[in-house]
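Student: Input: one structure, supplied below.
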Amino acid sequence: MLLSISGSLWKHTKPNWIKGNWNCFRSINAFMMREQPEGAEPVLKGAESEIRDQYAEDSSDSDGGVNEFKAVFKKYKKRRPPPDFSDVIDVRTSSLLESRLVFPNPSDITTEKEELAARLGLISLSEWRVYSFPTRPGLYLIPGLLKKEQAKTWLKRAFGYANPPNITNLTIHGKDVKTDPSLLTKALRWTTLGVEYDWNTKQYPPNGRPVPEELYQLGNLISNSLKLGDMRPDATILNYYPPKSALSPHVDKSERSNAPLISMSLGQTAVYLSGALTLSEPPIPLWLRNGDFLVMHGEQRLVYHAIPCIGPKIEKQHFEGAEEDSMIVDYLNCSRINFTIRQVNP
């Protein structure tokens, strides 16, 4: 399946193998302009802004107070002069966080769980370490949970998930990546799976198609491992972040269950802002890197959060691969994808 997807992408996009140091954004942009199929329409206008604006109506502070969140968002979003990242929290070095092994007792690690983790591309259960935030109970970060070499596998899946009948930001334009694979890198911004979120109404329908089995297993395994209860994922939203993109402050409040929100990061590093129940409190900035899992549970499910910036100019994540995977590798070397696994219905 994955080889089929990869082969199809290679066949249709004919990516060039970029050697040495190169500018990610300029290279992919030039590449897509050069390889645009004959007679194809121009890149969708406003596509880059869609990932910023899809939550825009949620970003006004309901209590009428000072919008401290917006000030921090703007600080990290600006490009000239570049922001000072010295206050961004790195879980691996910060003394402000608490950490523990997820499985402190070897007897808790069953062969079944270990084999499942391996199939999903995760590191050994004995290495899982979760970081928590004393001032934000319910917010957890498990860094480097996904093996780095598995990023290409999950990116191929992410591109495969964008095929019909799943809905993407391209659907309303009558376009899809199956008929025009070049849209994967130049215009794709989000995909909804399972019970598909409606960006216009900000609501979910009563039900939908099942999510892919690997996403169901991933969400359930992590929720149970953190002792957050049995999770039955029935929806996933994927956000595709090209260079220079951002995600506006918003709240995920449409799900009808109290199950955690579980997100996985692929590709380039992002600054993640974790706020409070209102925008009048400043958020804390965190690094999110390739393979990191962020979990929001309890009250943390309802806090404002955002991504003001991503990309190799912040902190370069380098990926390598064979020539047949060059388009996948090039994408990982300059862009980011985030999966948010959800349970909509109780």
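In case you wondered, yes, glycine gets a Cβ from its N, Cα and C as well.
As listed in TrEMBL for this protein:
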type: BINDING; residues: HIS250, ASP252, HIS305; note: Fe cation binding site
type: DOMAIN; residues: 232-345; note: domain 'Fe2OG dioxygenase'
Student: Near HIS305 (Fe cation binding site), which residues of its chain come within a Cβ-Cβ distance under 8 Å, counting only those 6 or more away in sequence?
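Tutor: Correct list: PRO249, HIS250, VAL251, TYR272, LEU273, SER274, GLY275, PRO283, MET296.
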Student: As a test of the contact definition, list every same-chain residue at least 6 positions from ASP252 (Fe cation binding site) whose Cβ is closer than 8 Å to its Cβ.
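Tutor: Listed in sequence order: LEU261, MET296, ARG301, LEU302, THR340, ARG342.
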Student: Count the other Cβ atoms sitting within 10 Å of the Cβ of HIS250 (Fe cation binding site), across every protein chain shown.
Tutor: 16
